[in-house]
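Asker: Below is a structure I'd like to ask you about.
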Amino acid sequence: KGKCPEDGWDESTIELFLHELAVMDSNNFLGNCGVGEREGRVASGLVARRHYRLIHGIGRSGDISAVQPKAAGSSLLNKLTNSVVLDIIKLAGVRTVTSCFVVPMATGMSLTLCFLTLRHKRPKAKYIIWPRIDQKSCFKSMITAGFEPVVIENVLEGDELRTDIEAVEAKIKALGAENILCVHSTTSCFAPRVPDRLEELAVICANYDIPHIVNNAYGIQSSKCMHLIQQGARVGRIDAFVQSLDKNFMVPVGGAIIAGFNESFIQEISKMYPGRASASPSLDVLITLLSLGASGYRQLLKERKEMFSYLSSELKKLADNHNERLLDTPHNPISLAISLKNLDENNDTAVTQLGSMLFTRQVSGARVVPCGSVQTVNNYTFKGFMSHANDYPCAYLNAASAIGIKKQDVDVFLKRLDKCLKTSRKEAKKEKSINEINNSNTGTEQLED
């Protein structure tokens, strides 16, 4: 049926299935006689076993979705994977999606592929409207495609950084709709930035006949992000949305899903990919989804949401204990942030030192964001880089509840963060006292002189 099975398969069943696919590829035929330059020969038995002898990859030289005659098994695997992934996207909340394909590139390069496809439709266009998000790969995806990003600064509403809809529309009018390749929006992001106002952006794109590409990097795991995409497509225009395989399905880095509501446009993107492609990302996600089944993936989504509530409540208690506060970001369903005002006031370097302390204590993924950092990416200078704004009111620390997180992860993180905050505050106060004494001594010496 081309759908994810409701109940997961055991490993031996999955391996039997993969071996059945592999024997359909010509490189595994007993009497095969290959005289071409690409015959699926593998020197190492370990490498062959690692790939279940599915060596030919996917697609043909002119189309990543095309069927290879001498690789019927790999081609079938590719078709099945795309079909199963489409089923999961619908299950996660985008019910009217019509087409998708797995591409063996991470999110940034997959976005680039979308922009390059749009180039043929809009040859005059050279700008991409981009509500600011301080993440290098999505910014560089536009540069790599040869376009000029037009950065729209976010609006501060309470603690949240939200899309400036008026600024987007004003920029479209100023540049001219025909000169704009697309609007490049974002769903999943680090607090205090929250998902873009997708419905309003989609309506603007429909009104001005401008394509709309959504960076949904780790949004499949969030019902709120998926709802925004579904609603955006319902009331306005969304041409494609791109998401990572590793962040949403717990597989190795190296693949993404490009999906959309117009099957012919998604096929155009797949045909833009030059040459054949690695089957590894497709193989990894198919094995994972067959192992989990639809029920298993639903359970992971449910657990993630529960852990988000738990992390939020416990992080608030910890923040209160340290005279800090959990930033109020109700529109962000995955990421949370606590202020670091006390550290920032005591010592300029105390905030970054906290990040180092957490990392050396094996806490990964937590982002410590100081005030006022400046970074240049491809000749564009971002003030307040990492905070998604030129002047966010305070330094802060991020933590996220992503798919696969366990209560033990949250508890260990909170325990280590508590210790690090106590140590940081002591060291910051000590350094502040030393500086005050030094300043006082310097003043006394000047008076004596």
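Each Cβ is built from the backbone N, Cα and C atoms, and glycine gets one as well.
Straight out of TrEMBL:
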BINDING   Arg38  pyridoxal 5'-phosphate binding site
BINDING   Arg60, Ser61, Gln68, Arg276  substrate binding site
BINDING   Arg234, Arg361, Lys426  tRNA binding site
COMPBIAS  435-449  compositional bias 'Polar residues'
MOD_RES   Lys247  N6-(pyridoxal phosphate)lysine
REGION    426-449  region 'Disordered'
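If you look at the structure here, what lies around each of the features I listed?
Answerer: A 10 Å cutoff on Cβ-Cβ distances gives Arg38 (pyridoxal 5'-phosphate binding site) a total of 13 other Cβ atoms nearby, all chains included.
Around Arg60 (substrate binding site), a 10 Å sphere centred on its CB holds 16 further CB atoms from the protein chains shown.
The number of other CB atoms found within 10 A of the CB of Lys426 (tRNA binding site), across every protein chain shown, is 10.
Using a 10 Å Cβ-Cβ cutoff, Lys247 (N6-(pyridoxal phosphate)lysine) registers 22 neighbours.
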Asker: Taking the Cβ of Ser61 (substrate binding site) as the reference point, list residues of the same chain whose Cβ is under 8 angstroms away and which are at least six residues distant in sequence.
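Answerer: Those within reach of Ser61 (substrate binding site), by Cβ under 8 Å and sequence separation of 6 or more, are Pro274, Gly275, Arg276.
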Asker: Suppose the substrate site is Arg60, Ser61, Gln68, Arg276. Which further residues of the same chain have a Cβ inside 8 angstroms of that site's Cβ centroid?
Answerer: Gly57, Ile58, Gly59, Gly62, Asp63, Ala66, Gly275
Asker: Return the maximum Cα to Cα distance in Å (whole number) over the record's substrate-binding residues: Arg60, Ser61, Gln68, Arg276.
Answerer: 10
